[in-house]
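Here's the structure, in structure tokens; my notes come after.
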């Protein structure tokens, strides 16, 4: 009888799990169907426009830089309607190749009518803008690639979208993201894998990967992403774009699906009633630095400051951005934690030489204690409870293959993790092994420990700024992860983001500028790459970036907090010198 009862219980659990999975798959299928219908509407609207206006010079419009396009729209030599439908058509084409779109925004037609009735033309008048999935737009989902977010339509636009519209921009598309956003690939089981437009074997990066693919493919001229570990800078690096992560509080944070994920992840912090130690930053992505500067200038306006009084009322300082004074530039080509491929270090060295030749002063710099920052400060912020809260994000969902390694690590029993931590942590620092998952991360077991964790982050920021000030630096030149990984590899190398993660912990503005491409010589040199000690992670990185000849190679530019204009000015200098070369 007991065996019969046990067998019946097991059968009931199996049936219950099967039914649950079936419901999840049905929800996913319905979401895909809704997405496909929205793209069909988009294609139909483009076709109708084509029939009405058959003589549009599509290539000429798509080739215009943002500043020139904005000027043509404001003076009236191009109509917002023509520009919008030109980009809609191109976005559909890019999506067919890369699967970068999550949804079309049909309300762009209403916004088109609205801007033509405005008394004053905003700085982004008539500019089509794409936005990342979790940035809320009224009447649309904000999914974060999660099934639990498929039921709730946003009731209002986020502050950032309101300001974009006020400045005359036309949000027209919502782009794809990785499941839970906690990945620098771009894959979820609802809407699928987004591909790099330059090489479909490669990832566009993440979590703003849909933005990266769409802009790099020519289907958008300006996009808005977000960055909490490199999510603007990594897609920009992988896709050959310019991207800026501002100081987190410089722009209004997001309303949307990410709010759910963020609150779950930082449940401990909410309990402590203290500010988040590592904040999410919103920022622009585009083809050139001038586009980023125009976007920041448009967003840092009175409308932003009125809608959200917590945003410091600091307008964009054009004088700093347009300055031509020589800069004192700190630089390094490795952080001593995760040695990057030869081409990325070459990019820093060549850029350093070009800056020096242009009259800037270059000063060697060594970022302190990066292994400590990565494990004890950055990852501990998100996995303070050993990862249990992050696992809750996947309730009623199926985990994407790209995240299975991290999820499996979080599921290891706490006692086993503690034992592994005791044995492995000394090896990590003594032998420089890159033990890149949450197995060895310390947890915060009390409110006191959480406060201490926050204090450690503040202490590290003070230490870093003191070293910066002692050298009298204006800005920093350093590497960024790249070139583009083969799809599926980002999930195996979470620790490889140390180059970008550092400036989230520090909350410094940081941007990425493409300066070169991978050469045959780089590919040959990669065969000799051994990283720190030719360990499994070094070998995995080698596999991830191989076969990338012709792919973009970028550098990272950094300034002190609240100095976005100086960061952009430095990025512009790097961009100009790389184009001259």
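Including glycine, each Cβ sits where the backbone N, Cα and C put it.
Taken verbatim from TrEMBL:
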- 83-568: domain 'Amidase' (DOMAIN)
- 132: active site, charge relay system (ACT_SITE)
- 181, 207, 228, 229, 230, 231: substrate binding site (BINDING)
- 207: active site, charge relay system (ACT_SITE)
- 231: active site, acyl-ester intermediate (ACT_SITE)
Substrate site span - longest C-alpha distance across 181, 207, 228, 229, 230, 231, in Å:
11
Distant-in-sequence Cβ neighbours of residue 132 (active site, charge relay system), under 8 Å, six or more positions away:
174, 175, 177, 207, 208, 210, 211, 223, 224, 225, 226
If the substrate site is taken as the center of the Cβ atoms of 181, 207, 228, 229, 230, 231, which further residues of that chain fall within 8 Å of it by their Cβ?
182, 183, 184, 206, 208, 226, 227, 232, 234, 280
Neighbouring C-beta atoms (10 Å sphere around the C-beta of residue 228 (substrate binding site)):
25
Can you tell which of the binding-site residues (229, 230) has the fewest other C-beta atoms within 10 angstroms of its C-beta?
229
Once the chains shown are all counted, how many other Cβ atoms turn up within 10 Å of the Cβ of residue 231 (substrate binding site)?
33
C-beta crowding around residue 181 (substrate binding site), within 10 angstroms:
28
Looking only at the domain 'Amidase' (83-568), report the model's average pLDDT.
91
